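According to TrEMBL, the protein has these features:
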ACT_SITE  B:TYR139  active site, proton donor/acceptor
ACT_SITE  B:LYS167  active site, schiff-base intermediate with substrate
BINDING   B:VAL209  pyruvate binding site
4 protein chains.
Amino acid sequence: MTALPTLLTGVVPPVCTPLTPDNEVDVASLERLVDHLVGAGVDALFVLGSSSEAAYLPDGHRRTVVSTVVRHAGGQLPVLAGAIDMTTLRVLDHVRDAADAGADGVVVTAPFYTRTHPAEIARHYRLVAERGGLPVFAYDLPVSVHTKLDADLVLDLAADGTLAGLKDSSGDDGGLRRVILGAPPAFSVLTGSELTVDSALAMGAHGVVPGLGNVDPDGYVRLYRAARAGDRDGARAEQERLCALFGMTETGSPARMGRSSSSLGAFKAALHLRGVIAHPTTAVPQIPLSPEDVERVGKHLATAGLL
Amino acid sequence: MTALPTLLTGVVPPVCTPLTPDNEVDVASLERLVDHLVGAGVDALFVLGSSSEAAYLPDGHRRTVVSTVVRHAGGQLPVLAGAIDMTTLRVLDHVRDAADAGADGVVVTAPFYTRTHPAEIARHYRLVAERGGLPVFAYDLPVSVHTKLDADLVLDLAADGTLAGLKDSSGDDGGLRRVILGAPPAFSVLTGSELTVDSALAMGAHGVVPGLGNVDPDGYVRLYRAARAGDRDGARAEQERLCALFGMTETGSPARMGRSSSSLGAFKAALHLRGVIAHPTTAVPQIPLSPEDVERVGKHLATAGLL
Amino acid sequence: MTALPTLLTGVVPPVCTPLTPDNEVDVASLERLVDHLVGAGVDALFVLGSSSEAAYLPDGHRRTVVSTVVRHAGGQLPVLAGAIDMTTLRVLDHVRDAADAGADGVVVTAPFYTRTHPAEIARHYRLVAERGGLPVFAYDLPVSVHTKLDADLVLDLAADGTLAGLKDSSGDDGGLRRVILGAPPAFSVLTGSELTVDSALAMGAHGVVPGLGNVDPDGYVRLYRAARAGDRDGARAEQERLCALFGMTETGSPARMGRSSSSLGAFKAALHLRGVIAHPTTAVPQIPLSPEDVERVGKHLATAGLL
Amino acid sequence: MTALPTLLTGVVPPVCTPLTPDNEVDVASLERLVDHLVGAGVDALFVLGSSSEAAYLPDGHRRTVVSTVVRHAGGQLPVLAGAIDMTTLRVLDHVRDAADAGADGVVVTAPFYTRTHPAEIARHYRLVAERGGLPVFAYDLPVSVHTKLDADLVLDLAADGTLAGLKDSSGDDGGLRRVILGAPPAFSVLTGSELTVDSALAMGAHGVVPGLGNVDPDGYVRLYRAARAGDRDGARAEQERLCALFGMTETGSPARMGRSSSSLGAFKAALHLRGVIAHPTTAVPQIPLSPEDVERVGKHLATAGLL
């Protein structure tokens, strides 16, 4: 366990979870993926988020993921773990597992599946923070949670110390900006929007959690460093290159599969083609990419000079 | 474990989960609640659905609920258990727990939280049925899952034996009817819509899973028996009385709490006022009813002659 | 103009709008369609609803529709007209046109396109009723309006005389029942749910507004009369026959077209095949059914004995 | 009528529609508002968008607005007009009115109210462009239309010359960027997101359509000019000042009114307090701000140095 810095900054990739063909965690591949990311100079790791297929992983798999990554890299950089579940007590079970495995912080959504209310969301975060014993980052992901975290609510929970930060995957950069402008100094604002990292950093976001960073961590590290160095044109050029690469997530036809199958399938196909992981398998019941889809992922990599 | 009948019919209340003030399962109250339901003549029990606060219960609580109810009533009538989780492998863990505890069948939603696709939903149910070893009932609950189960998809999965039945809480009685008219004879269609049970039975639904049946199981048993006896006016009169009683679920103000807090809070307050359970506690982070809310619940009970 | 009865009851088909191939109103076909409906014994006519493609018709077309139908049938039975637009002042323009053309009442949704609030919905209906000078029926169509009319709001507006009735196309028969049970005696409750007409009538609904009634008005008239005569098995049998016929609305592939194109395309293809209207044209930008789709519509008609 | 430049750029405020207390267009105030905007140096005007309450204005009001603004300012800068309606033929009626009144281009959403499909959206825009005779800008406003315009669809319609530009009010800056990176050179990309104008311009957007620009056009002109001059820190500082000012849109309580009432009420209250328009009236059925709300709007103005 690495002490979490007062303010988490930089590139924090949401680590994919390599699986064997029978859907077990492929620990060796996971370690190689961590090496691939750490070698590129990322600043922290986020496991068990959407890019990690957290929604698809049983608790045993989840524990394996956190303990593997902490054991392999925990001395070098902070490890955040998603504690993704429907409501407070279930989330707290995951927080406990994450703490036991040595995670440095947890990332938690509003309640989902059940119908909720702002007062219940606030109570949820307060209880998770009080009882969990780890720094809590709010995870704003309305496409999954079906509730948008209101900027004022986040700012209230930032002001009273309930939250250590926000991982914003809402795609709503106006709302993101309201949090950036209103939050206390030690509150970390991280964007999960792969295509607007340069914008978010220019607004004052502290870090970035890009799913595509699994495939091209060097690109996001260069982008982040250019932005921090005030080289905005360099940051924009890097970002635009990554926008083109992101086209790989649309290779799987919407007529055949959902958007999770297509995006995560592309990331894993790319990691497999780049030799980082042993199998491109995504968890059931996702639909695998076709050989033609994989070929198109390969072309994206080639165009980006990543093969 | 009671062998599940070929066709599940009748009143199958979704059993509330009594909790202690510190949110542990109140086993003694749960047993009294089961006695209250079985004594009224219900035909089966459904644990770990929405009325059971399944979304709020950690796995340990869930296991306690199933094993308590099976141990207490399992010899007398079938027990179905919800296996509510985001995707296939997580659901299968719950199915395993339910089977170990002696449940007779499981009730399973489409994948949620992740973005999904009809082909993935079908794959999900097929895998749960193949690997789980228990009869699977599809749970159509779009207000939670944010996907409506398509009638044609349900009928395909009914025709090939993947599904043993449907628990329809969509509120869409047109869609329900399409399933009733198209399903094979041994496929059980159960409605979760408390306010249209007489309609659903008149259309050919086999059973009813009413949350309000926790509070007034005798009412739903009378309604079911009247409908089965062809006494449609009697069924309608009973249904209309229950519609009035259902007004209790709106006592908690939407300005203060979500609809889960209000509905489940009312059911539990009513069960507490009727002396069935020891505490009206709902699981965190739900907001408790106010004393005035509870008083109004009491008036609903009094009007219905249930106090 | 026919005085609207105190309580509107019976079969009130939402009249399709026949179009020429260049999207003008086909007045002769519209008159034949009205004859086809009136001849079957329907109780009133509803023009400019969803089945009439009101959303697709310019104001000139709308005026032609109302005046044609009133002139052709207005002495024989009441004519309701949709006044479908985004907000109050725009709706009032349509109400004025409907009154000028001799309509007996108007059917009005909550505000749409703009973000609204229950207090604004109430104000909207009150202004339309006060200034419009015609009886107002609320149109609950959440699939289009993206707001569900709350039963309590409808009941408030029924109690104070703002609304003369409700046309419920929400598919939520529990909500429909709450209105039926709470409304004053002269408030007309009409269901737009083609597949559950027998249920709605058994609950106490006063009438039915079935899009499919364009194709088979005799069927809905028989269904209504059976229900009113207390012949519930006869009503159910007729309803189930109509449920099978309704399958025609799914002939157009969702990969090629929207659900409006498919449903209205099927109704118009059926009316064309039955010789009632001269062209099966739907308004732009809807996608026409393919010849194979039309053939399948024909098979539905043949199976139902309507060719 | 001013010839529309090949590429529309700069600050294009969506002009509010001043109303008299009885909801007529207040022509004198509208002319003063246009002077206020033109005097600040804006580059074009957009009438009949959301900030103009287009959804609330009858056709007569709409015609008055376009003709007033064109007559008053049409020689000096281009005037775009919203042609906001449900489907193609209705939109074309508005396009005709806009053309007659001398507008230089029209802004058009995807079909709404009816259920639609990408093929129908494409057909809609093609017909509007072919038959309307004015340059067409797509208006992406999912909060109203309930469909998000897909970036690929927009790019197809840009490539074949159907669309002259995009007004993106989706809040999805990742999607906006995909359009910017893929569009042909003469395609104008305008952002409607008031809080991220500096970001959008840094990405390559050509212009900005800020509702708040009614209140503080000088601010948006300074922001735009700073961004174009490469003074990114200056642009950011101006943007952050405007973000604080935007807080005025939240003065109206969500318990009392909808978000349209609150936002447009604040803009009009501010214009009234600044002496630009004679009445702060918003169109029915919107709920007026309370005197306390107006006082808070005044405080926002005072803080920003605008009183």
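Heads up, the Cβ atoms here are built off N, Cα and C, so glycines get one too.
Rounded to a whole value, the Cα-Cα separation of B:VAL209 (pyruvate binding site) and the residue listed as 'active site, proton donor/acceptor' is 11 Å. Under DSSP, B:LYS167 (active site, schiff-base intermediate with substrate) is assigned to a strand (E or B) in the three-state scheme. Applying an under-8 Å Cβ distance to chain C, the recorded positions B:TYR139, B:LYS167, B:VAL209 reduce to an empty list. DSSP assigns B:TYR139 (active site, proton donor/acceptor) to a strand segment in the three-state reduction. Its Cβ taken as reference, B:VAL209 (pyruvate binding site) is surrounded by 29 other Cβ atoms within 10 Å in the chains shown. Recorded residues the residue listed as 'active site, schiff-base intermediate with substrate' and the residue listed as 'active site, proton donor/acceptor' have their alpha carbons 5 Å apart, per Cα-Cα distance. Residues within less than 8 Å, Cβ to Cβ, of B:TYR139 (active site, proton donor/acceptor) and separated from it by at least 6 positions along the same chain comprise B:GLY49, B:GLY82, B:ILE84, B:VAL107, B:VAL108, B:THR109, B:LYS167, B:SER169.
Around B:LYS167 (active site, schiff-base intermediate with substrate), a 10 Å sphere centred on its CB holds 28 further CB atoms from the protein chains shown.
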